[in-house]
Amino acid sequence: MSSTVEKQSKLSVMNTYQRFPITLVKGKGSYVWDDSDKQFLDYTSGIATCNLGHVPTAVQTKLKEQIDTLWHCSNLYNIPSQQALADELTKNSCFDKVFFCNSGAEANEAAIKIAKKYAKDKGYDERTEIITFNSSFHGRTGTTMAATAQEKIHQGFTPITPGFRYLPFNDTASLNQLYRGKTAAVLLELVQGEGGVNPASQDWIKKLQEICEKEDILLMIDEIQTGIGRTGTLFAYEQFDIEPDVITLAKGLGSGFPIGAMLAKEAVADSFQPGTHGSTFGGNPLAMSAGLATIEAIEAEGILSEVKIKGEWLKAELEELKTAFSSIEEVRGVGLLLGVQLSIEVSLFIDAFRENGILVLAAGGNVLRIVPPLTTTKKELKSFIHTFKLILAEIERTSL
Ligand SMILES: *Cc1c(COP(=O)(O)O)cnc(C)c1O
């Protein structure tokens, strides 16, 4: 009896997230509304996921059609929309084949598995390690947590999955430790998202690609956050003048519908054959219709060129704020994945923004992460900058 009472007074959802004290019940375009009908400008985009804004009509229509037709049939049977989305993704990239799954971590799991299998198939029996980089984020499953080179993410989960070695990000000198006869693949983000919005330097990434090519090490780019137009091109790698062997996608690909994908060049993709990998839900008709509608909308509506323009405008405005406010240490990022390094606790800013009707994110290393919907308007961007200016003045007045 008393235990039931006690039980009812506690939340029955596991306590894995620190949640802000608001409940969102509705979204449209750049805005969300809470349960008291308060409106917020959403510059988190559901953590870089709702790239077309909330409930984009093009995706909504396709999903509704699919809801009335077929939800799920498993991969025991042909799913034509998988082929259609894979065609769309390969047509617009340097890759030949796609594996579909349901999340970012699963996409990275698929990448890690194919890298191991590729090494085995090639007879590289000594190549058992995958290199990742400090401050990276690759997911929360047992293996992708191990791929994530952040001590705090491993805490309490030892022994973590072996087979990963960590090197410093953007450090050319340490690249000579890369191969040593043991490396099957490298896995990295071109703009580290959760780790603090850290873009890779062009020189470093070129050097990394050179070594990978020379030693037949797979270059695998985690585009889960940077992909699907976030940086101003469909994939971020296009702007770094490299051709990876593998990329992974998730967040923006389904406009909020759960989906993940691992794209590979033919020679690598051939290492997956029936029985080597799979997923019950992966590539189901609902997810595929969300993905297809998303990619078609991004291509058709000329969104990408606008992301560049909006991103450059926003970055210039943030640089301007930096000259006026001493608590801004640095402005970083590409396209509409921007970070502001702060000298005052970032949570103060996030709370102040929320109180002023704007949702923003934090990233590691005390960084304010700004990831608007790619469809955000100039007017919304201006109102964001206006509010940021007021908040900076107020926080600096009371904290410095
Ligand atoms: C979010 C994210 C992941 C993990 O994706 P989940 O869908 O949460 O599993 C992996 N890598 C990067 C770069 C991410 O931003």
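Glycine is treated like the rest: Cβ placed from N, Cα and C.
Going by TrEMBL, these are the annotated features:
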type	residues	note
BINDING	G104, A105, F137, D222, E223, I224, Q225, T280	pyridoxal 5'-phosphate binding site
BINDING	R140, S279	N(2)-acetyl-L-ornithine binding site
MOD_RES	K251	N6-(pyridoxal phosphate)lysine
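Features as recorded by TrEMBL, highlighted on the structure.
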| residue | record | Cβ neighbours (10 Å) |
| --- | --- | --- |
| G104 | pyridoxal 5'-phosphate binding site | 28 |
| A105 | pyridoxal 5'-phosphate binding site | 23 |
| F137 | pyridoxal 5'-phosphate binding site | 26 |
| D222 | pyridoxal 5'-phosphate binding site | 31 |
| E223 | pyridoxal 5'-phosphate binding site | 30 |
| I224 | pyridoxal 5'-phosphate binding site | 29 |
| Q225 | pyridoxal 5'-phosphate binding site | 28 |
| K251 | N6-(pyridoxal phosphate)lysine | 27 |
| S279 | N(2)-acetyl-L-ornithine binding site | 18 |
| T280 | pyridoxal 5'-phosphate binding site | 10 |
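Listed in sequence order, the residues of the same chain lying 6 or more apart from R140 (N(2)-acetyl-L-ornithine binding site) and placing their CB within less than 8 Å of its CB are A105, I153. Nearest neighbour of S279 (N(2)-acetyl-L-ornithine binding site) by Cα distance, taken over the binding-site residues G104, D222, E223, I224, Q225: G104. Listed binding-site residues: F137, I224, Q225, T280. Those with a CB atom under 6 Å from ligand 1: F137, I224, Q225. Overall, the recorded pyridoxal 5'-phosphate-binding residues G104, A105, F137, D222, E223, I224, Q225, T280 cover a maximum inter-Cα distance of 25 Å.
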